[in-house]
2 protein chains.
Amino acid sequence: MKPLKVGLLGLGTVGGGTFTVLHRNAEEIRRRAGRSIEVAMVADLDVDKAKQLVGDTGARIVPDAREVIANPEIDVVVELIGGYGIAKTLVLEAIAAGKHVVTANKALLAVHGTEIFKAAADKGVIVAFEAAVAGGIPIIKALREGLTANQIQWVAGIINGTTNFILSEMRDKGLDFDVVLKEAQRLGYAEADPTFDIEGVDAAHKVTLMSAIAFGIPVQFDKAYVEGITKLSSVDITYAEQLGYRIKLLGITKRADKGVELRVHPSLVPAKRLIANVEGAMNAVVVQADAVGATLYYGKGAGAEPTASAVIADLVDIARLHDADPQHRVPPLAFQTSTLRDAGQELPVLPMSDIVTSYYLRIRVADEAGVLAKITGLLAGAGISIDAVLQREADEVGGEGSLQTDLIILTHDTREGDMDKALAEIQGLPTVLAPITRIRKEELN
Amino acid sequence: MKPLKVGLLGLGTVGGGTFTVLHRNAEEIRRRAGRSIEVAMVADLDVDKAKQLVGDTGARIVPDAREVIANPEIDVVVELIGGYGIAKTLVLEAIAAGKHVVTANKALLAVHGTEIFKAAADKGVIVAFEAAVAGGIPIIKALREGLTANQIQWVAGIINGTTNFILSEMRDKGLDFDVVLKEAQRLGYAEADPTFDIEGVDAAHKVTLMSAIAFGIPVQFDKAYVEGITKLSSVDITYAEQLGYRIKLLGITKRADKGVELRVHPSLVPAKRLIANVEGAMNAVVVQADAVGATLYYGKGAGAEPTASAVIADLVDIARLHDADPQHRVPPLAFQTSTLRDAGQELPVLPMSDIVTSYYLRIRVADEAGVLAKITGLLAGAGISIDAVLQREADEVGGEGSLQTDLIILTHDTREGDMDKALAEIQGLPTVLAPITRIRKEELN
């Protein structure tokens, strides 16, 4: 059978890894796919660098991605350029030219996925994106194909290695965020401009995709709540530890009665959960579903070859399955495109005030009689019940010799809107001496 | 599009679960599969019980499985009878009748898989068996489709919930095997005849299937080394703990230079590994592969609905993909059937004497000067290097007032044949007072 001819757009880290692995494991891949997978063309602006990597493998190198798309011999276009700009244009042009598309571009799909998947469905081509979420972990396949029997209840994942590395280091070494970020940049775990990672944007792109696949809704990155780790203090990591929790940046999407929760933020997770023990730059995703219960998927979420592993798995899928009936073969978002729920209507993404979770609160208070009673009274008045309280010994003398302390409160599940109101009242108390720290807590059970 | 018509053979625990989940989640499943999946016929000897479960769903109940196979309306036969006997006959007859087959029958496939997959390939039908390994965890899909880019180096899994439950209880409560087994039977975690579980046979069936998928070799259950947990002593669990290890029953298959290791036995695993922290009846599988590195898959390995989740995922795959070219769509063992390596020749399953691993040894010795030197000398002479030694204080007075103690030795990697020889020599020493306990140790890194 003739080879599957691939055109690679972009020969950076992931493109280079894809090229390398396709060549190193060509024989195994051919035995699995039933035909060779051959990189026939590579488009990269840096033609000389590309030539060095490609060597004498026979792949044609061009500076213009459109030459790849225009080549009738190319079966699949692999987009590894990234970003929302030219990548979007090229993906749509490749689809229009009847090419299957493989992409690792989570940003593009989380924002423009609906348009892209629609174009692909109209044209009868496959758009595959295993590499867009959690690198080499086949989590898209698990959600889209492995758990199809289930009503999925929630998905929660450590899906950004940079932030998990930073949080692991903060905990292990008791260091502050800024110090660890610099170290992470030095070691290559964080980029020179780390904003997308540390502000939670990258994780939000990924959880947006998982949300659509889990619940049969369109991708709606604009509705996601996004909070990063830049304001996390190491004192909260320490307190959490004392209470039996770790702090992780989680991407969470949950099916609630009236809609879907879609959020990224630091979260306390019980230390005994497997996912709480995922350290360093590793990724893990837990899926809770009605028939199977909880399943967890763990591995490397980034890097040249782990990401290439996912890109190539998509290519093998295309080699195996491209001739299945396009109306029924595996749909990009797990649900047949015609059955996706109307975003605004049937299953809306809920505003943060309507999400339900539990909380960790750190409140800097004057160490006076009645402070605890006053605060817990306000919480009770808002219908918020308390799971645990940790009152520290007074540790600081303020002005006029007054004593201060940290009051740590863990709550049971409550509506975030109710918590917001209660916190506004508590913040207004004269005995509350600093802005309250509030971190959400996920029991994941 | 017309429904996919399913015939269920056997309405026991998994059959009942499959029926229940297919009905409860019919709408989600239809939206994913692009067509309804309808149980049109059920074959069970206990027709009355079947009638109760099936109710007025319209499924026809018959006592004879052959009526299901003979019905031209049935697209897929789901075999949930179990065992090697009638199940084999029925699966082959269903294939001969041009039906796709879904089965949870690990025993059947591990022993007769080559014959069954050959028949299916000749007939152009799908044989799917996600439920045969690790229940609801989509590990077959991960190995067969998610990691296709990789040369897989090894797979190691906790793939029997009964034994993991027993080992967890032995460790947590310091109880002996016999006591915990009775408790497990009372709680329903172990069967009345638990032989297949506790002797490692069930795990060996499963790792045999994973081995074939990982390495592109035929299923070879007869070549697997199988050792259960019945001889494990709680004292070894305690010593292992002190040395930073847990003891787990692992199914292991590993690519070595000259062949493939295929073995099930109790194994020390570093306590810090995620898989060492998989407790109770849960399952987990680690796959080490060249591009992606280590990935781990965790979830419920048994039970009505977790197993049903896997059965139904296979049905959805068939609904989506049955019309792909049978020559190239996903092959049952990941590698195209025509490219499976010749069992005996190219990639044989190695005899245990040729496997390489490290060891935990517990040696009951007379507490005399020179004993340690003698033993370590014999190990060194066999080329076995020592990683750690734990010498206990003398704890027992034997005959004539002599003192005895346990000597615990951890070794580095060594060939099992060399270890066998060294142990025979050590066992022969007059200062060695009891049969040596030898447990293999897997660093899994």
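Keep in mind that glycine also has a Cβ here, set from the backbone N, Cα and C atoms.
Those TrEMBL annotations? Automatic predictions, nothing curated.
Annotated NADP(+) binding site per TrEMBL: B:Leu9, B:Gly10, B:Leu11, B:Gly12, B:Thr13, B:Val14, B:Gly15, B:Gly16, in sequence order. Taken from TrEMBL, the feature NADPH binding site covers B:Lys106. Residues or ranges marked as L-homoserine binding site by TrEMBL: B:Glu191. Look at TrEMBL and you will find B:Lys206 tagged as active site, proton donor. Summarising the annotation, TrEMBL assigns domain 'ACT' to B:360-441.
Here the features listed in TrEMBL are placed on the structure.
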residue  : record                    : Cβ contacts under 8 Å, 6 or more apart
B:Leu9   : NADP(+) binding site      : B:Gly15, B:Ala43, B:Ala65, B:Val68, B:Val77, B:Val78, B:Glu79, B:Leu80, B:Ile81, B:Leu90
B:Leu11  : NADP(+) binding site      : B:Phe19, B:Val42, B:Asp44, B:Asp46, B:Lys49, B:Ala50, B:Leu53, B:Val54, B:Leu80
B:Gly12  : NADP(+) binding site      : B:Leu80
B:Thr13  : NADP(+) binding site      : B:Gly303, B:Ala304, B:Thr307
B:Val14  : NADP(+) binding site      : B:Leu80, B:Ala104, B:Ala131, B:Ala304, B:Thr307, B:Ala308, B:Val311
B:Gly16  : NADP(+) binding site      : B:Leu53, B:Ala304
B:Lys106 : NADPH binding site        : B:Phe129, B:Ala132, B:Val133, B:Asp202, B:His205, B:Lys206, B:Leu209
B:Glu191 : L-homoserine binding site : B:Thr162, B:Gln185, B:Asp197
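Within 10 Å of the C-beta atom of B:Gly15 (NADP(+) binding site) sit 27 other C-beta atoms, taking all shown protein chains into account.
For B:Gly10 (NADP(+) binding site), the Cβ neighbour count at a 10 Å cut-off comes to 24, with all displayed protein chains included. Note on B:Lys206 (active site, proton donor): other Cβ atoms within 10 Å of its Cβ, all shown chains, come to 27.
DSSP assigns B:Gly15 (NADP(+) binding site) to a helical segment in the three-state reduction.
Same-chain neighbours of the NADP(+) site beyond B:Leu9, B:Gly10, B:Leu11, B:Gly12, B:Thr13, B:Val14, B:Gly15, B:Gly16, judged by a C-beta within 8 angstroms of the site's C-beta center, are, in sequence order, B:Leu8, B:Gly17, B:Thr18, B:Phe19, B:Asp44, B:Leu80, B:Ile81. DSSP gives B:Lys206 (active site, proton donor) a helix state. In the three-state DSSP classification, B:Gly10 (NADP(+) binding site) falls within coil.
According to its DSSP assignment, B:Glu191 (L-homoserine binding site) is coil. Taking the domain 'ACT' (B:360-441) as a whole, pLDDT averages 93 in the prediction. As a summary of secondary structure, the domain 'ACT' (B:360-441) carries 26 helix, 32 strand, 24 coil according to DSSP.
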